[in-house]
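Have a look at the structure below before the remarks.
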Amino acid sequence: MFLLLLLFLHLKGLQAGQNPQKTTLQTTVPEKISSPDVETDAEDHMAYLITINETPHFIHLKKQSFITPTAVVYTYDRNDVQHSQPLSALENCNYNGYVAGFPNSIVTLTVCTGLRGIIQFENVSYAIEPVETLSGFVHVIYENTNKHAVIPDLGKNQSYSWFDESDYQFRSNMKKSGFTVLRQRFIMMDIIVDKKLFDYMGSDTEVVLQKVIQIIGFVNTMLSKLKLTVLINSIEIWSKENRIRLSKAVDDLLVQFSIWKHEYRSQHVAYLLAFEEHPASTGALYPGNLCKLEYNAAVALYPKGLSLESFSVIVLQLLSIGMGLTYDTENCHCTGEVCLMTPKAIYSGGVKDFSTCTLDDFKYLSTRQDLRCLQDLPLERKPARRPRRICGNGILEMNEQCDCGTLKNCTHRKCCDPMSCRLKNKATCGSGECCSQDCTVKMNDVVCRKSVDECDFVEYCNGKDPYCVPNTYARNGQYCESGEAFCFEGRCQTADKQCMSMLGKYVRGASFACYEEFNSRGDRFGNCIHNFCAFRNSLCGKLICTWPFKKLVLKANLSVAYAQIRDDLCVAMYKGGRIPKTTKTTYSNPADRDETFVNDGTICGPDMFCLRASCTETRFHMDSSKCDSTRDCNDHGVCNNLQHCHCDIGYNPPFCEEHKGQFGSVDDGHKYHVEDGKSYKQQSHSNLKKNQLQLILYISLPLLVMISAVVIKQSKLSRVCDRERSESDSSTTEDSGSNTNVTSSGGSTSH
């Protein structure tokens, strides 16, 4: 009975999500099994035994990599302050594959927090997800349907006015000769979730993030036949409020989003996922313009009651039309009953595939310049490897409740089992800088990471998490050393400090003449990586120090060259080793530099610092649109590495408004003052309005009194004048009456 109750509650939770029309509810406990692929390559393959409708099915999976190593998710807190978090933890969670014994089947799953995704057979799709209220890896499976969802077509007969077949090359005019074999290509994408969709999906950032990644996973599974993969560059969730004005007209919404996109996400394709209960169309974009920066934006509308599977088809169709593809005609055929580029694909369950028409069109389009933005290789992509859980390494990893270190060196013996990395008894936490020896999370404002430099900030326990908050430090390019140097990656970078670190406390950075002497040589003792340093980059190549001693430099594995420049004995260094054949300057890549090169961030001119052996202006590396110390920090703080204000003592974050005893930032973990749910910025705005009203009252009240006095005075004068005028008129009338009587008498007399 208790199990049934939990399942009922879970079903109600599902109904609050993306698709209330779920049928054939059943439970299963997926069993992880071995297979030849798993035995050969366990890093990239998985296999599960999953029971559906009382029939066991063998599921074979292969890793699906589409989250870039640098991908981030942006969210907003209750003060509307933006926070960013890397998506690297989810990079190796996505898989796709097939059901053994069913040639026309497709499986798309995420596996890091239970199995979530779609199992597609020929005519039916099943969704699977864990029952979080039950232990034992219990999952629920249900058939995906859209019986009551109102799904409009994405076509020219809808309100979607951007779609016009005249904008396209018709298939009949396409040259379909000389096609080459398709090669793997990639599309970099930024994804934005609007506030209404965030609320519709549950108002939980983690849940919404999971669903967005599932959607892109489904899209990539369908795109595999085109050898195309969408890479997630960023996901932004408008959890507080929408950043643009939303319009009922999807065309207007696209224009508004395009303007926002070009200001904040200008480098890649951007999609806005928005909720509309009963939309007139499924989205809008600029057809055939995927690779044009001014037009590579799209809006996908999520109708009420739609499944994630169906919405992924909408996104896929929009993406296809953006590439220049069109809807299938009755002459187009595919391996399954439903082709992807048809309206029917949105509300149909089961496997869907591209038609031969679409494949031919894509092969043709991929040879043209219109799709030049499709990359042959993902930029700076590292080999994706599934993280191995190592209990006892002191790092909290997937499926671990705690990790206090080895059995010998466990930091929280009373709280965490070092063999299983599970919490003991009733422990709240079992490892981390903010976990006490009593197995509870430490209070707010306890220091968990000290500052190591004037550019580095102190971090505090936030009272919620057992681990210290991420490191915060001054933004790159912030002044330090009384304005004589710059902060870079949390350190005040100076040549003096670097020379002392290399050769001892009495050694200092050399003069410009010494740098120019050595770094113009273009050899192993003086260079800017590839060759000699250009004049403007002289201070950014090899580190040159002044040597104050008469004896030679004696340091293991270090070769030194000397030069007497005026009054200074200058030294340049080279770490021993074989010089590569490809270069005479020891290195061919700035990323490979050693400590004998000038550190990035070292000053090289007015408002300029060294970066990758070049002297560059700091303003190019400080995004003032996101954070400006004058505009955003009230001139009582500096911008940190997360683009938020770190306030001086006596000023309250996030906007550095004056408040006794306050300091720091919203990122350093300490408890800053918030009043009535409003930040001090909001409070100051309300105070400003109040002061403005008081000022208006103070000015207008005397003015009203003066005006009233004048009006009263004028009224009195008017009454006096009227009385005098009345008396004058009365006197005149009496005189006229006397004159009349005399005349009449006279008249009588004359008769």
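Sequential numbering from 1, following the chain as shown.
Just so it is clear, glycine is given a Cβ too, placed from its N, Cα and C backbone atoms.
The record in Swiss-Prot pairs Cys373 in a disulfide bond with Cys291, which is drawn from Cys291, Cys448, Cys455, Cys461.
Of the listed cysteines (Cys610, Cys615, Cys639), only Cys639 is recorded by Swiss-Prot as the disulfide partner of Cys627.
Within the set Cys416, Cys421, Cys468, the cysteine that Swiss-Prot bonds to Cys448 via a disulfide is Cys468. Of all the disulfide-bonded residues in the list Cys332, Cys339, Cys357, Cys645, Cys656, the shortest Cα-Cα distance to Cys468 (disulfide bond) is found for Cys645. Of all the Cβ atoms in the protein chains shown, 21 others lie within 10 Å of the Cβ of Cys339 (disulfide bond). Using a 10 Å radius centred on the Cβ of Cys627 (disulfide bond) and all shown protein chains, the other Cβ atoms total 20.
Within 10 Å of the Cβ of Cys448 (disulfide bond) there are 20 other Cβ atoms, across all protein chains. When the CA atoms are compared, the disulfide-bonded residues lying within 10 A of Cys633 (disulfide bond) are Cys627, Cys656, out of the candidates Cys291, Cys334, Cys339, Cys373, Cys627, Cys656.
Among the disulfide-bonded residues Cys291, Cys334, Cys373, Cys627, not one has a Cα within 10 Å of the Cα of Cys647 (disulfide bond). Separating the Cα atoms of Cys627 (disulfide bond) and Cys645 (disulfide bond) is a whole-number distance of 7 Å.
Every protein chain considered, the tally of other Cβ atoms within 10 Å of the Cβ of Cys639 (disulfide bond) stands at 24.
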